[in-house]
Amino acid sequence: MAQEVVEGFKFEQRHGKERVRVARVWKTQQGHHFVVEWRVGITLFSDCVNSYLRDDNSDIVATDTMKNTVYAKAKECSDILSVEDFAILLAKHFVSFYKKVTGAIVNIVEKPWERVIVDGQPHEHGFKLGSEKHTTEAIVQKSGSLQLTSGIEGLSVLKTTQSGFEKFIRDKYTALPDTRERMLATEVTALWRYSYESLYTLPQKPLYFTDKYLEVKKVLADTFFGPPNRGVYSPSVQNTLYLMAKATLNRFPDIAYVNLKMPNLHFLPVNISNKDGPIVKFEDDVYLPTDEPHGSIQASLSRLWSKL
């Protein structure tokens with residue numbers, strides 16, 4: 001965001017609209033329905049300093065107008081499109097339609113409605129709510145420059161073995177024992193930045209970014225779990241996180257940067273006894289799940305040429 005000098009002070013400003021909720025249904029001639037539900041946030045950078053300094057709102061795009069634009073643009077989309085493409089479409093509209101707007105940021109969270117299966121067949125118009133959410137952020141400048149980020153929120157994964165943690169720093173405050181056998185659970189928040197830097201270099205394939213989202217999610221999960229018949233050992237959440245990020249960059253050449261946040265959601269062994277002896281003896285079977293407190297592990301990985 002550019003700084004201006006006003007009345008002897010450095011001044012920065014932006015304005016926008018948050019939590020605009022919109023759902024869009026597309027219907028094929030064969031009676032097959034598709035639905036998305038999006039929560040949209042819009043931020044505009046514009047030359048509207050006069051609205052702050054004096055009684056002059058003539059350069060402001062009203063936030064109510066931004067809200068209405070979301071619904072109008074959703075209506076105009078006659079073909080199903082990815083959440084990334086809708087974010088880019090909105091941001092491009094604001095920087096091209098309004099002379100005073102120099103840049104736009106559009107953030108969208110997609111609610112995970114999934115088609116239901118009934119008697120082994122995909123239902124034509126029935127959906128259930130899933131778990132993890134698809135996110136995106138498009139930053140577009142009037143020049144046509146672009147920063148596009150996609151992500152996942154709430155990807156909960158767990159494995160009941162093939163995890164350990166040992167040989168860490170020990171001091172007088174350490175009580176945690178070494179182990180090579182524990183449960184590993186986390187809720188992955190992932191962000192990845194695409195390498196496309198201009199509106200004019202984007203892939204033209206329909207639903208390209210939706211397919212990419214599903215592929216990235218699969219790579220992250222497959223790396224976490226390992227092969228289905230034997231899994232893969234995790235010596236720490238840190239190591240597993242790194243391998244997941246590296247696998248994503250290795251698999252997708254048009255992704256330049258990956259950030260993963262993976263809290264360590266604990267499953268504590270249950271041992272209960274009284275004066276008469278054990279009530280519950282832990283044998284890798286009974287656990288107390290808890291996420292308060294929990295470990296917090298986060299890291300990013302980017303290509304050497306990346307500007308991030």
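Each residue, glycine too, has its Cβ placed from N, Cα and C.
Within the same chain, the residues at least 6 positions away from Lys17 (active site, charge relay system) whose Cβ sits under 8 Å from its Cβ are Val40, Gly41, Ile42, Thr63, Asp64, Met66, Lys67, listed in sequence order. Marked as active site, charge relay system by TrEMBL: Lys17 (among others).
TrEMBL lists Thr63 (among others) with the feature active site, charge relay system.
Residues or ranges marked as active site, charge relay system by TrEMBL: His266 (among others). The number of other Cβ atoms within 10 Å of the Cβ belonging to His266 (active site, charge relay system), over all protein chains shown, comes to 18.
Among the features that TrEMBL reports, urate binding site is placed at Thr63, Asp64, Phe165, Arg182, Val237, Gln238, Asn264. Neighbour count (other Cβ atoms within 10 Å of the Cβ, all protein chains): 17 for Asn264 (urate binding site).
According to TrEMBL, the 5-hydroxyisourate binding site annotation covers Thr63, Asp64, Phe165, Arg182, Val237, Gln238, Asn264.
What TrEMBL lists as O2 binding site is Thr63, Asn264.
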CB neighbours of Gln238 (urate binding site) within 10 A?
-> 16
Which Cβ among the binding-site residues (Asp64, Arg182, Val237) has the fewest C-beta neighbours inside 10 Å?
-> Asp64
Rank the recorded positions Thr63, Phe165 by the number of other Cβ atoms within 10 Å of each Cβ, and give the residue at the low end.
-> Thr63
